[in-house]
Amino acid sequence: MAKKDYYDTLGVPKNASDEDIKKAYRKLAMKHHPDRNQGDTSKVSEDKFKEAKEAYEMLSDAQKRAAYDQYGHAGVDPNRGGGPGAEGFGGFAEAFGDIFGDVFGGQRGGAQGGGGRQVYRGGDLSYAMEVTLEEAAAGKEAQIRIPSWDDCGICHGTGAKPGTKVATCTTCHGHGVVQMRQGFFSVQQTCPQCKGSGKLIPSPCVACHGVGKTKNNKTLEVKIPAGIDDGMRIRSTGNGEPGTNGGPPGDLYIEIRLKKHDIFERDGDDLHCSMPISFMTAALGGEIEVPTLAGKAAIDIPEGTQAGKQFRLRGKGIKGVRSSYPGDLYCHITVETPVKLTEHQRKLLKELDESIKKGGAKHSPSEEGWTDKLKNFFGA
């Protein structure tokens with residue numbers, strides 16, 4: 001039987017963003033979670049839950065998603081070295097502690113730790129960093145302040161009020177999970193009493209409220225690679241929120257936001273700028289200087305240059321993070337009309353205008369076509 005399209009499984013279009021995919025998965029996971037579907041409909045919900053989990057695992061991974069978009073299910077076939085493959089109830093139980101574990105009695109993030117206490121991966125953090133075009137092109141090293149969680153100095157990480165002890169959970173007997181029977185099957189779920197920790201704190205620490213950790217801030221060195229573009233993300237492994245019960249910490253994602261530049265606009269590896277020239281230079285030609293990220297460059301303006309003319313400077317753009325060569329710089333010509341003319345200047349321009357008209361020659365590439373259109377319009 002052919003597998004259902006992963007995008008159809010989650011109910012999202014093929015151009016869906018990572019956030020849209022995550023939201024769709026959360027919605028389906030909560031709808032079909034075993035805790036909410038028991039009895040006759042449990043098997044159907046179980047299958048839908050597993051389908052949603054498999055689709056999310058594929059589409060939330062950039063490399064797997066790219067392979068799937070290009071080759072379909074064959075690109076992520078486990079027999080070819082990728083994909084999730086078929087799962088027994090071990091993988092199904094593992095999914096219980098996924099990204100929505102907090103909804104069903106766990107912590108953020110998640111994995112499941114065998115037959116012992118539930119362990120959960122910490123949540124990911126995001127940080128928006130603004131960089132200038134010059135910094136994006138050349139790369140930079142920066143320091144950022146991010147939240148960190150350290151052992152509470154009062155209870156030393158136990159979560160219990162000094163002088164009191166942590167008790168073993170009487171519901172799961174310290175395992176962090178309880179067994180739930182569904183027909184012939186037995187499925188593990190997070191203990192609702194201790195939320196998977198396997199322990200209870202009768203007298204929580206007043207400083208950390210029983211968490212065992214306090215929130216602080218730390219300075220992190222970040223290397224911005226040369227050529228990075230707006231919207232790209234840098235992953236800092238292990239600098240997210242802490243895990244629970246010995247689980248690994250989450251990651252920090254630094255999202256790059258490119259500041260608006262006074263001169264250039266970026267389009268991939270190419271740069272664009274508007275270059276104003278006088279109408280005398282446009283008519284007679286000449287050499288002008290144009291700005292580049294590396295300094296000044298010269299452009300020869302041929303006589304008769306029209307507004308909107310585009311000049312290309314090869315290799316004067318940006319070398320992207322995945323590019324072998326830098327892009328180009330495109331200079332778009334605008335012709336400026338002089339203002340605040342003196343009487344003498346006005347007289348000279350009028351003489352020039354009359355001289356051109358008397359000559360009878362067409363001095364604009366669009367003039368002949370425009371004149372013919374006017375004659376046809378007025379029936380001349």
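A Cβ is built for glycine as well, from the same backbone N, Cα and C atoms used for every other residue.
Per Swiss-Prot, the features are:
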- CYS152, CYS155, CYS205, CYS208: Zn(2+) 1 binding site (BINDING)
- 24-34: compositional bias 'Basic residues' (COMPBIAS)
- 35-47: compositional bias 'Basic and acidic residues' (COMPBIAS)
- 5-72: domain 'J' (DOMAIN)
- 21-47: region 'Disordered' (REGION)
- 152-159: repeat 'CXXCXGXG motif' (REPEAT)
- 169-176: repeat 'CXXCXGXG motif' (REPEAT)
- 191-198: repeat 'CXXCXGXG motif' (REPEAT)
- 205-212: repeat 'CXXCXGXG motif' (REPEAT)
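Distribution of Swiss-Prot features across the structure.
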residue: CYS152; record: Zn(2+) 1 binding site; Cβ neighbours (10 Å): 19
residue: CYS155; record: Zn(2+) 1 binding site; Cβ neighbours (10 Å): 24
residue: CYS205; record: Zn(2+) 1 binding site; Cβ neighbours (10 Å): 22
residue: CYS208; record: Zn(2+) 1 binding site; Cβ neighbours (10 Å): 21
Exercise. By the DSSP assignment reduced to helix, strand and coil, which category contains CYS152 (Zn(2+) 1 binding site)?
Worked result: coil
Exercise. Under an 8 Å Cβ to Cβ limit, what residues of the same chain, 6 or more beyond the ends of the repeat 'CXXCXGXG motif' (205-212), are close to it?
Worked result: 151-155, 157-162
Problem set entry | Shell of the Zn(2+) 1 site beyond CYS152, CYS155, CYS205, CYS208, same chain only (C-beta within 8 angstroms of their C-beta centre) | GLY153, ILE154, HIS156, GLY157, THR158, GLY159, ALA160, PRO204, VAL206, ALA207, HIS209, GLY210, VAL211, GLY212, LYS213, THR214
Exercise. What average pLDDT is reported by the model for the domain 'J' (5-72)?
Worked result: 82
Exercise. So how many of the residues in the repeat 'CXXCXGXG motif' (205-212) end up helix, strand or coil by DSSP?
Worked result: 0 helix, 0 strand, 8 coil
For this session: Helix, strand, coil: count each for the residues of the repeat 'CXXCXGXG motif' (169-176), based on DSSP.
Result: 0 helix, 0 strand, 8 coil
Exercise. Within the repeat 'CXXCXGXG motif' (191-198), how many residues are helix, strand or coil going by DSSP?
Worked result: 0 helix, 0 strand, 8 coil
